[in-house]
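These notes concern the structure reproduced below.
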Amino acid sequence: MQGNSYKDEKEAFVSGMTGSTVSHINLLSSVALASMFLLYCAQTRIRLSSLTSLPLSWLLLVFPLLLSMTIFVNWPAALLLLISAPGGLLLLIQRKESGTPLPSNLKSPITPNPSSQTFPVAPRMEPLPSFTTYRAHMLLMTCLAILAVDFPIFPRSLVKCETYGVSLMDIGVGSFVFSGGIASAIPLIKTPSHLAAPTFPKMLRAMRKSLPIILLGLVRVLLVKGTEYPEHVSEYGVHWNFFITLALVPVMEVMLHPVMIRVSVTAIGIVVAIFQQLLLSKFGLSDYVFNAPRVDLISANKEGIVSLPGYFSIHLLGLTTGLLLLPPSPSYFRRIQRSLQTHSLNDRALAERYAVRQNGKTATELSGYLVLWWALMGLCSLLKLDGGNGVSRRMVNISYIFWICAYNVSFILAYLLLDMVFFPSPSTTSKTKKKIDQNSASSLHPILPTAIPHPLLDAVNKNGLVVFLVANIATGLVNLTIPTMYTSDLWAMVILCGYSYAICTTAWVLRGVRLRL
């Protein structure tokens, strides 16, 4: 490459940052909401088949994200107005007679054939469009940032903070773990008895599933060391990286399954967050992270090891969100918990999994959690419960944990409200509710939806880890061939546009399959 001097300059280019502000990050992230607003306005007002084509999808859903973290980084409100204004004008047009209904709104029970005594053993849970949109946009912003950070056009205020502070890239790693926690709710919703299954065999299965991700982490270490690729050691340590953290938290979750039968997952997550802060503040781990020399394998990777309980707390609180967001009713899992405690779980209790969605109730509970997380974050700052220095992604202190929860729940709720406004659910009559109660087993066989989430976002979400891996490889190749630090803003935008389009093309090509690592 360009030599050790360039490597040292590159490492200094992404080191020592103090970050931005929470409000600035929220404004930048809101560009994703504005792009969905414009898309929904177009979908419901005009007939244009190209709205689902890859080029227009990239232009509407991905290019604005890139603009928000580069050219318009200091003018996010202007970008929001530029995107939202055309949508506002489209609202003046009369809505199409047959809008595109959301899959989650089309669930209704059907009466089985009286002569048939068999029912589907494992009915399919349909995706929730707002979750698909949130997860895909989060992943796309992460993929854009990991390359954009190497160019001067990406402001240093959005780079990961060295020790304390908030930035756009600090949000990315925590949101990745949080969204993984939400997705981990799916098997608990589909098969609640999984919680009561023997723990050790489940741990072995979880470890087998995590092994490919750990291998990816180890391969990344070898490639970084072998190519002398610039690295920020104080981020995770000498050998540790994000893939290793991502692989370990699901295994740790399985260990707490017996506790989850009797204790609220929210309470468990908060207790783990408090435990993490106690380790940092009262047992000297923060001082260890800042001052201990790297003399052995443990101290060489002190940031990754010390931050692991914090990321585990984020995973658990993401799981809490998934357990109220993904079922048709936000109270579904609480009833399942009571059934598991009394050993009274039956098909009637499970039937609600595929009933008509109650998005209004879900939005109400999400609003409560949104207030809780922002309040707890403010309380930690006001009372200096986080040590007095604010948010720290490096150690994953309690303020960082609550910030990640507050941020993600805010945007999940916003996506859900957008869906509810543009694609309102059909009302559930008392007759329908009575039918669900009388034919609970029949609701195990839901009517198939006639629509799916936006194709590009669905494609990104379906193979998210593969897309993230491809983005990491592409980022490495660009940095090994181009002196990104000295690239002009014009060429940086050309490269970033090509890179982002290539990432979307990869997801688009793979949209018909689901690759599991």
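Residue 1 is the first one shown; counting continues down the chain.
Each Cβ is built from the backbone N, Cα and C atoms, and glycine gets one as well.
Same-chain residues lying 6+ beyond the ends of the transmembrane segment (22-41) with a Cβ under 8 Å from its Cβ atoms: 51, 60-61, 64-65, 67-69, 73, 76-77, 79-80, 83-84, 86-88, 90-91, 133, 137, 141, 157-158, 166-168, 171, 403, 407, 410-411, 414-415, 418, 422-423, 454. Summarising the annotation, TrEMBL assigns transmembrane segment to 22-41 (among others).
Feature annotation from TrEMBL assigns transmembrane segment to 48-67 (among others).
Same-chain neighbours of the transmembrane segment (134-154): 10, 13-14, 29, 32, 61-62, 65-66, 69-71, 168-169, 172, 175-176, 179, 182-183, 408, 411-412, 415, 456-458, 460-461, 464, 467-468, 471-472, 474-475, 478-479, 484-485, 487, 489, 492-493, 495-496, 499-500, 503-504, counting only residues six or more beyond its ends whose CB sits under 8 Å from a CB of the stretch. Among the features that TrEMBL reports, transmembrane segment is placed at 134-154 (among others).
For 166-189 (among others), the entry in TrEMBL reads transmembrane segment. Same-chain residues lying 6+ beyond the ends of the transmembrane segment (166-189) with a Cβ under 8 Å from its Cβ atoms: 17, 19-22, 25, 28-29, 69, 125, 131, 134-135, 138-139, 141-142, 145-146, 149, 157-160, 195, 242, 245-246, 249-250, 253, 311, 314-323, 325-327, 332-333, 353, 390-391, 393, 396, 400-401, 403-405, 407-408.
The transmembrane segment annotation in TrEMBL covers 210-226 (among others).
Annotated transmembrane segment per TrEMBL: 238-256 (among others), in sequence order. Below 8 angstroms of C-beta separation, residues 173, 176-177, 180-181, 184, 199, 202-203, 206-207, 209-211, 213-214, 216-217, 220-221, 268, 294, 297, 300-301, 303-305, 307-308, 311-312, 315-316, 319 of the same chain, each at least six residues beyond the ends of the transmembrane segment (238-256), sit close to that stretch.
Residues or ranges marked as transmembrane segment in TrEMBL: 263-285 (among others). Same-chain residues lying 6+ beyond the ends of the transmembrane segment (263-285) with a Cβ under 8 Å from its Cβ atoms: 256, 306, 309-310, 312-314, 316-317, 319-320, 323, 385-387, 395-398, 401-402.
Taken from TrEMBL, the feature transmembrane segment covers 305-326 (among others).
Among the features that TrEMBL reports, transmembrane segment is placed at 366-385 (among others). Outside the transmembrane segment (366-385) by six or more residues, the chain places 277, 320-321, 324-325, 330, 398-399, 402-403, 405-406, 409-410, 412-413, 416 with a CB less than 8 A from a CB of the stretch.
If you look up TrEMBL, you'll see 400-423 (among others) marked as transmembrane segment.
Taken from TrEMBL, the feature transmembrane segment covers 465-484 (among others).
If you look up TrEMBL, you'll see 490-510 (among others) marked as transmembrane segment. Through the fold, the transmembrane segment (490-510) approaches residues 54, 57-58, 62-63, 66, 70-71, 140, 143-144, 147-148, 151-153, 455-456, 459-460, 462-463, 466-467, 470-471, 474-475, 478, 482, 484 of its own chain, all at least 6 residues removed from its boundaries and within a Cβ separation under 8 Å.
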